[in-house]
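To start, the structure itself, in structure tokens.
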Amino acid sequence: MPLVAGIDSSTQSCKVVVREADTGALVRDGRASHPEGTEIHPDRWWEALVSAVDAAGGLDDVAAVAVGGQQHGLVALDESGAVVRPALLWNDTRSARAAAELTEELGPRAWAEAVGSVPVASFTVTKLRWLAEAEPHHAARVAAVALPHDWLTWRLAGHGPDDPDLEALRTDRSDASGTGYWSPATGEYRHDLLVRGLGHDAVLPRVCGPAESAGTLAYGPNRHALLGPGAGDNAAAALGLGMVEGDVALSIGTSGVVSAVSATPAADPSGSVAGFADATGEFLPLAVTLNGARVLDAAARILGVDHARLAELALTVPPGSDGLVLVPYLEGERTPNRPHASGSFHGLTLATSTPGHLARASVEGLLHGLADGLAAMVALGTRPDRVSLIGGGARSEAVRRCATSVFGTSVEVPAPGEYVADGAARQAAWVLSGAPEPPSWERSGSQSYAAAEEDLSATAAMRERYATARDLVLDRLGAGN
Ligand SMILES: Nc1ncnc2c1ncn2[C@@H]1O[C@H](COP(=O)(O)OP(=O)(O)O)[C@@H](O)[C@H]1O
Ligand SMILES: O=C(CO)[C@@H](O)[C@H](O)COP(=O)(O)O
């Protein structure tokens with residue numbers, strides 16, 4: 001039976017799965033860490049990919065490969081195929097002023113109509129404007145602009161400084177829709193918006209269809225495997241989960257993401273919802289926070305405990321943390337657009353000054369950010385029939401249980417796994433099959449967390465208290481200068 005590989009080059013690590021193309025059965029997997037930071041040379045991603053592939057037993061026997069990846073990161077290439085400067089990642093907020101300028105120039109409604117989203121600092125077009133203003137010598141050298149997954153796919157096809165064919169760059173609809181210069185509604189690039197950011201035109205990766213081959217692998221001895229077009233990580237996760245309309249995914253990775261499959265493109269002039277495309281030919285409106293699982297990492301660090309103990313502590317305290325609220329803007333925030341904000345605890349009393357309260361308020365704070373995102377999606381027409389929790393943070397028992405009270409609904413927790421890498425593998429199998437639909441792969445082992453009566457009765461008051469606290473935050477010292 002042929003094998004396929006799926007790769008997830010995400011913010012904190014690279015993960016590889018090798019699966020049977022027909023059944024989706026897991027054959028082997030591997031992972032490797034990425035360095036910390038919001039500015040990373042793409043060579044570090046390549047090195048991690050090579051290590052993760054080695055850990056997964058190599059790619060010699062696979063018939064197709066696809067790459068899912070963190071969205072938006074700016075990979076600027078010169079004429080010789082060299083990377084012009086380290087990539088600015090989706091969670092690098094230095095382009096916040098450029099985002100505000102660009103939004104003001106056209107107006108939020110025009111941006112939403114043109115490209116489905118109002119650009120915030122995460123979007124590639126704002127990073128290009130920052131580059132043009134702050135490092136004009138680098139901007140002048142830019143001959144092509146790619147995203148993390150486009151660049152890795154290009155490298156897997158054997159390109160790079162030794163074979164710098166910029167015209168061979170490929171991407172897909174889902175990741176192109178996070179650039180700020182591609183329209184999910186028309187399926188066309190807006191080179192005028194690219195020029196508005198960068199100051200001049202550049203080669204952009206050709207946008208492949210959902211199951212179109214992006215070329216052939218040139219990695220080690222394997223020169224015959226097909227390359228899939230890849231996808232942005234959220235669209236890859238949707239494919240890995242087999243999401244259909246009515247499914248909402250809450251992903252708690254480095255980012256917090258609420259996403260839902262839709263048959264129509266979204267265009268939200270308020271900027272809360274990004275109107276992205278998915279990896280199957282449909283659309284994937286989503287709302288993203290900068291503060292996902294790292295809020296849990298920070299709370300565990302403050303308390304000097306590991307994740308398991310953090311969860312135990314959190315679950316000693318009732319829903320609503322007796323009024324203690326964390327506004328979790330530890331990295332600034334993207335939804336709402338507050339790139340310079342810092343985090344704040346509100347409602348501290350002698351009674352709430354306990355490790356348990358701090359733990360539960362931290363878990364609830366990150367979930368409130370996602371609940372606000374879901375509310376914005378619902379206002380635009382999303383119908384959440386089933387809510388699933390994925391990403392590293394979903395491994396926490398406290399996240400699972402607190403989610404029922406913050407969201408006021410039951411949640412599904414799919415069996416712990418690498419759904420972005422799985423989605424990339426499923427895309428690879430789809431490309432290999434040449435069929436009109438992706439292969440149906442069975443998924444088992446979901447757990448259901450039902451909302452208890454006392455959880456549900458706390459929801460409205462908690463949401464209201466969070467909404468009051470949400471606006472009472474200080475900017476980070478020195479931020480925005
Ligand atoms: N059991 C756990 N409880 C809470 N957080 C966890 C747990 N396991 C992993 N994490 C957190 O999940 C994050 C990594 O999740 P992942 O989805 O792989 O992120 P990304 O895709 O952004 O690289 C890390 O911040 C890590 O600390
Ligand atoms: O910016 C977005 C989507 O718009 C993020 O979802 C990134 O794509 C990073 O994802 P993770 O590494 O947190 O999974």
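Heads up, the Cβ atoms here are built off N, Cα and C, so glycines get one too.
What TrEMBL lists as domain 'Carbohydrate kinase FGGY N-terminal' is 4-240.
The feature site 'Important for activity' is assigned by TrEMBL to Asp8. Reduced to three states, the DSSP call for Asp8 (site 'Important for activity') is strand. The C-beta environment of Asp8 (site 'Important for activity'), restricted to residues of the same chain at least 6 apart in sequence and closer than 8 Å, consists of Cys14, Lys15, Val16, Val67, Gly68, Gly69, Asp233, Ala236, Glu418, Val420, Ala421, Ala424.
For Gln71, His72, the entry in TrEMBL reads substrate binding site. In the three-state DSSP scheme, His72 (substrate binding site) is classed as coil. Neighbour count (other Cβ atoms within 10 Å of the Cβ, all protein chains): 29 for His72 (substrate binding site).
DSSP classifies Asp233 (active site, proton acceptor) as helix under the three-state reduction. Per TrEMBL, the feature active site, proton acceptor maps to Asp233.
The domain 'Carbohydrate kinase FGGY C-terminal' annotation in TrEMBL covers 249-430.
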If the criterion is a C-beta within less than 6 angstroms of any ligand 2 atom, which of the recorded positions Asp8, Gln71, Asp233 pass it? List them in sequence order.
Gln71, Asp233
Around Asp233 (active site, proton acceptor), how many other CB atoms lie within 10 A of its CB?
33
List the same-chain residues at least 6 positions away in sequence whose Cβ sits under 8 Å from the Cβ of Gln71 (substrate binding site), in sequence order, or say none.
Trp90, Ser122, Leu147, Pro148, Asp175, Gly178, Gly232, Asp233, Asn234
Taken over the domain 'Carbohydrate kinase FGGY N-terminal' (4-240), the model's mean pLDDT:
98
